[in-house]
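Peer 1: Take a look at what TrEMBL says about it:
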{"type": "BINDING", "residues": "Asp30, Thr84, Thr122", "note": "NAD(+) binding site"}
{"type": "BINDING", "residues": "Lys211, Tyr257, Leu258, Lys259, Gly260, Gly261, Gly265, Lys326", "note": "substrate binding site"}
{"type": "ACT_SITE", "residues": "Cys268", "note": "active site, nucleophile"}
{"type": "DOMAIN", "residues": "319-422", "note": "domain 'UDP-glucose/GDP-mannose dehydrogenase C-terminal'"}
Amino acid sequence: MNMSFIGIGKLGLCSAACFAAKGHRTIGVDSSVEHIEALRSGRCPIDEPGLATLLDGCRTRMEFTTDYGYAVQNSDITLITVPTPSDSSGRFSNAYVETVLDRMAPALKAKKTFHVVALVSTVMPTTCECVFKPMLEKLTGKICGRDFGFVYNPEFVALGSVIHDFLHPDVLLIGASDERSAQTCRELYASVVESHPHYAVMNLTNAEITKLSLNCYVTMKISFANELAAICERIPEADVDVVTSALGADTRIGRRYLKGGLGFGGPCFPRDNLAFQRCAEDAGADAHLSPRVVRVNDEVVNRLFAMVGEHARSGSTVALLGLSYKPGTHIIEESQSVMLASQLLEAGYVVRMHDPKALKAVSEALRGRGVCCDDPYEAVADACVVVMLTDWPEYSRLDMERLEDRAGETPLLIDCWRAFRGVPLKKFTYRAFGISTRFSGGIEHGCRPDILYQDRRGRTPVLERASVQHPALT
Ligand SMILES: NC(=O)c1ccc[n+]([C@@H]2O[C@H](COP(=O)([O-])OP(=O)(O)OC[C@H]3O[C@@H](n4cnc5c(N)ncnc54)[C@H](O)[C@@H]3O)[C@@H](O)[C@H]2O)c1
Ligand SMILES: O=c1ccn([C@@H]2O[C@H](COP(=O)(O)OP(=O)(O)O[C@H]3O[C@H](CO)[C@@H](O)[C@H](O)[C@H]3O)[C@@H](O)[C@H]2O)c(=O)[nH]1
């Protein structure tokens, strides 16, 4: 198919490349001239695993331009993936999408054939039906559903695994103005995906509600696991991983996003909860759960801050390992690690920080406060408390002896994801989220062989973490 993509950023460029790799001809449009120039000159301006290789393999089927008219005229479908930033009320702004519709309207008006306009960006429920569809009808003088189609098809992809998630969806959400556009989209996605997704075809408004609800539901699951972790910590012999591992085996619940740890952050989950609450408000209904989910999430940082305070006074050194909102990215938007860093700095602690990718962003966000270190061993120098925050895989391979040598006198290690569980420790006092102090500090610090630990997405068993035994257990 001939396809055009308006907004070829983190999500748009990945999906354009996936379609091109499967044989479709794609035209990418972006308002950033530098971005287009970079792509035209063969560079890959987005840091996403697998993207550069994918692009290199299909550049002959990809064009890049700043000309909206050219893109619409030379394609049968246009996918729009521009930003929809949250406004001060928590609702998503339509400004970027409206600019795009305005710019593509002349070509759509002139077009003799049926063209599908598909919006991928996250929007507030009813926006497609009540704002975008009438806007395009007015600008083109055409009738939606007869002369052109409007589709809302958001993606469920996570940064760091965009290409994998795009090609292996569980569900493909297609909200459409008409049967013909829905069918076009369905066939298009069927030609590229490598999984057997459920095709959820519905009207535009239900698709908007579904996108928002899915993300909010997942955050409810994360907050449940985090609350459970906080409870388990206070019960002797309790272990959140044992409990969630059994819970996740029930197909009504499932294993993914059920690992108690640090709270959720990033550019999607926190703002989607706010938007969901505003959506309920706009509909004259009450959203009781979502505000609680956000409260439980906020509480994680406060709990962590209190744990540090129990062991070290203001003025002492605290080392933070992992600052991005999740492993594999430099993004620190709504990162709980950075929230903790700010709280500690404000309370007068000396904060030393390490992250494999996010240091530059952190230094800017904290306006130079705190000490950014390129090396994790350097970050823990003289620290009274070391907090293992974002669970980068490289942290579970750290040399603990070396880490202990560099740390201060009687250091505390707080392990949010239990990455060091079972690792023999000489100097650190060990506290892990989700396991009671007695359990984590005592003889049972070693991993029990009957537990198969899952990573927090519930995908791969993390066996190596279970393989190191406390000397007392071996
Ligand atoms: N990144 C994700 O994994 C993800 C996942 C699901 C949903 N989303 C949603 O997708 C949308 C885009 O997210 P993103 O992460 O790709 O954003 P992004 O900022 O990485 O990319 C947006 C791109 O749009 C371009 N742009 C802005 N205005 C434009 C215009 N008028 N014309 C043409 N191009 C324009 C920008 O230059 C940029 O390249 C958002 O609504 C987001 O919520 C993103
Ligand atoms: O068990 C878990 C799993 C994740 N997280 C946190 O949840 C946040 C989001 O993680 P993830 O889902 O991997 O990344 P995102 O890129 O934010 O992707 C989410 O947001 C996108 C934008 O809406 C959606 O498309 C995706 O389906 C949805 O997963 C991060 O802070 C993670 O640390 C947890 O706290 N516990």
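Note that Cβ sites are derived from N, Cα and C of the backbone, with glycine treated the same way.
Bear in mind that TrEMBL entries carry predicted annotations, made automatically and left uncurated.
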Peer 1: How does the domain 'UDP-glucose/GDP-mannose dehydrogenase C-terminal' (319-422) divide up by DSSP, counting helix, then strand, then coil residues?
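Peer 2: Looking at the domain 'UDP-glucose/GDP-mannose dehydrogenase C-terminal' (319-422) with DSSP, the answer is 34 helix, 18 strand, 52 coil.
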Peer 1: Among Asp30, Thr84, Thr122, recorded NAD(+) binders, what is the largest CA to CA distance in Å?
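Peer 2: Among the residues the record ties to NAD(+), max Cα distance equals 18 Å.
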Peer 1: How many Å lie between the Cα of Gly261 (substrate binding site) and the Cα of the residue listed as 'active site, nucleophile'?
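Peer 2: Cα-Cα distance, Gly261 (substrate binding site) to the residue listed as 'active site, nucleophile': 18 Å.
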Peer 1: Within 10 Å of the Cβ of Cys268 (active site, nucleophile), how many other Cβ atoms are there?
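Peer 2: There are 20 of them.
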Peer 1: Based on a Cβ-to-ligand 1 distance below 6 Å, what subset of the binding-site residues Thr84, Leu258, Lys259, Gly261, Lys326 would you report?
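Peer 2: What lies within reach of ligand 1, judged by Cβ under 6 Å, is Thr84.
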Peer 1: Which number gives the other C-beta atoms within 10 angstroms of the C-beta of Gly261 (substrate binding site), all protein chains shown included?
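Peer 2: Looking across every protein chain shown, the total is 24.
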Peer 1: Given a 10 Å Cβ-Cβ cut-off, pick out the one of the binding-site residues Lys211, Lys259, Lys326 that has the most other Cβ atoms nearby.
Peer 2: Lys259
Peer 1: Is any of Tyr257, Gly260, Cys268 (recorded positions) within Cβ reach of ligand 2, i.e. under 6 A, and which?
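Peer 2: Checked recorded positions vs ligand 2; flagged Tyr257, Cys268.
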Peer 1: Using Cβ-Cβ distances, find the residues under 8 Å from Asp30 (NAD(+) binding site) that belong to the same chain and are at least 6 apart in sequence, listing them in sequence order.
Peer 2: Ile6, Gly7, Ile8, Gly9, Gly12, Ile36, Phe64, Thr66
Peer 1: Can you name the binding-site residues among Thr122, Lys211, Leu258, Gly260 whose CA is within 10 A of the CA of Cys268 (active site, nucleophile)?
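Peer 2: If one measures from the Cα of Cys268 (active site, nucleophile), the binding-site residues that come within 10 Å are Thr122.
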Peer 1: State the Cα to Cα distance, in Å, between Tyr257 (substrate binding site) and Thr84 (NAD(+) binding site), rounded to an integer.
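Peer 2: With the alpha carbons as reference points, the distance is 25 Å.
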Peer 1: Rounding to the nearest whole angstrom, report the longest C-alpha distance spanning Lys211, Tyr257, Leu258, Lys259, Gly260, Gly261, Gly265, Lys326, listed for substrate.
Peer 2: 25
